[in-house]
Ligand code: SAM
Ligand code: SF4
């Protein structure tokens, strides 16, 4: 198992399949994009599968979430999903994606074994979508959402980040849109992980503000089920069964129940989004290390995990890698 010094165990693996993206969300990366990882640094499909196999067979991982960058840009995604679904015990498999181009691939992904999707959508207005993502793909995302629902990849979750002065008036419209379509909405507080290092605590739209906005239009009551290691706190909307979640990493940190471990597209294990150190698995893998050696390195990474992310500590500094290069 991937246990740490604070009694947590990591069973949820986030695998980044690329640092590239076809959108340019203003809160994530600059308009011109970033210096992408060189191709030789990237794990190939078989290397990704080999490391997921170590995690599932030897380290107790039960959930695998593919992310990026934009994971749909990875040509081998279906092959990687199918290989993950063939592992025993079979982990639950999900995808965090911007949804662009999802409709075209949903058949193949569902056949490969994908269980669920989380799609990012920060606005229900096409003009704002263009402003936030710097691309005109709003309809494409709506098609991806509908396709995921039609293929039974549910619950279809939507991740939304609210930005002050940009879309902070959309908590209610986003929830109405999700209720109407049967999607599960989760708001994410903006985190200091953007490539431009422009995060400003004073500008962040907080969980409290989001709940205030929602409270004006809906009745919210905390859900009865235990939160466990889920990052989102959830509320029943108008008595349920629909729910809305808020992931308040900054104002209500949930580090003490964190069960995540991360593998970057270039083969580095991170024990936290905000970690300042990484454990290289690509080098040992390419040098011929066996599964137990790789598992030992991964366990070492987990053991060294800090108690918390430290965003609210006086000396906090943002990690060198930005969100799109870590895998959110
Ligand atoms: N491209 C995919 C997507 O957008 O869903 C997967 C990667 S993206 C980094 C994963 C999630 O991180 C998205 O929901 C996105 O909105 C969120 N995100 C990106 N930068 C963020 C930031 N600085 N703070 C909070 N969430 C962020
Ligand atoms: Fe791309 Fe996702 Fe970052 Fe937007 S949030 S630029 S879709 S990686």
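In case you wondered, yes, glycine gets a Cβ from its N, Cα and C as well.
In TrEMBL, annotation is done automatically, which means it is predicted and not curated.
According to TrEMBL, the features are:
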type    : residues                       : note
BINDING : 14, 65, 96, 157, 260, 261, 262 : GTP binding site
BINDING : 21, 25, 28                     : [4Fe-4S] cluster 1 binding site
BINDING : 27, 69, 120, 191               : S-adenosyl-L-methionine binding site
BINDING : 255, 258, 272                  : [4Fe-4S] cluster 2 binding site
DOMAIN  : 5-221                          : domain 'Radical SAM core'
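Feature map: TrEMBL annotations on the structure.
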{"residue": "14", "record": "GTP binding site", "DSSP (3 states)": "strand"}
{"residue": "25", "record": "[4Fe-4S] cluster 1 binding site", "DSSP (3 states)": "coil"}
{"residue": "65", "record": "GTP binding site", "DSSP (3 states)": "strand"}
{"residue": "157", "record": "GTP binding site", "DSSP (3 states)": "strand"}
{"residue": "191", "record": "S-adenosyl-L-methionine binding site", "DSSP (3 states)": "coil"}
{"residue": "258", "record": "[4Fe-4S] cluster 2 binding site", "DSSP (3 states)": "coil"}
Please list, in sequence order, the residues in the chain of residue 14 (GTP binding site) that are at least six apart in sequence and whose C-beta is under 8 Å away from its C-beta.
65, 67, 260, 261, 262, 263, 327, 328
Can you give the largest Cα to Cα distance in Å, as a whole number, for the residues 14, 65, 96, 157, 260, 261, 262 that bind GTP in the record?
21
Between the Cα atoms of residue 69 (S-adenosyl-L-methionine binding site) and residue 96 (GTP binding site), what distance do you get, rounded to the nearest Å?
10
To the nearest Å, how far is the Cα of residue 255 ([4Fe-4S] cluster 2 binding site) from the Cα of residue 191 (S-adenosyl-L-methionine binding site)?
14
Filter the binding-site residues 157, 258, 260, 261 down to those with CB closer than 6 A to an atom of ligand 1; keep them in sequence order.
none
Mapped DSSP class for residue 96 (GTP binding site), helix or strand or coil:
strand
Enumerate same-chain residues with a sequence separation of six or more from residue 27 (S-adenosyl-L-methionine binding site) and a Cβ-Cβ distance below 8 A; give 'none' if the list is empty.
132, 161, 163, 190, 194
Given the binding-site residues 28, 65, 96, 255, 260, 261, return the subset with CB under 6 A from an atom of ligand 2, ordered by sequence, or none if empty.
28
Nearest of the binding-site residues (96, 157, 191, 258, 272) to residue 28 ([4Fe-4S] cluster 1 binding site), judged by Cα-Cα distance:
191
Residue 272 ([4Fe-4S] cluster 2 binding site) and residue 120 (S-adenosyl-L-methionine binding site), Cα-Cα, nearest whole angstrom:
21
List every residue in the same chain as residue 157 (GTP binding site), at least 6 positions away in sequence, whose Cβ is under 8 Å from its Cβ.
116, 117, 118, 119, 183, 184, 185, 186
Calculate the distance in Å between the alpha carbons (Cα) of residue 25 ([4Fe-4S] cluster 1 binding site) and residue 258 ([4Fe-4S] cluster 2 binding site), and round it to a whole number.
26
Compare the Cα of residue 21 ([4Fe-4S] cluster 1 binding site) against each of the binding-site residues 96, 191, 258, 272 and report the nearest.
96
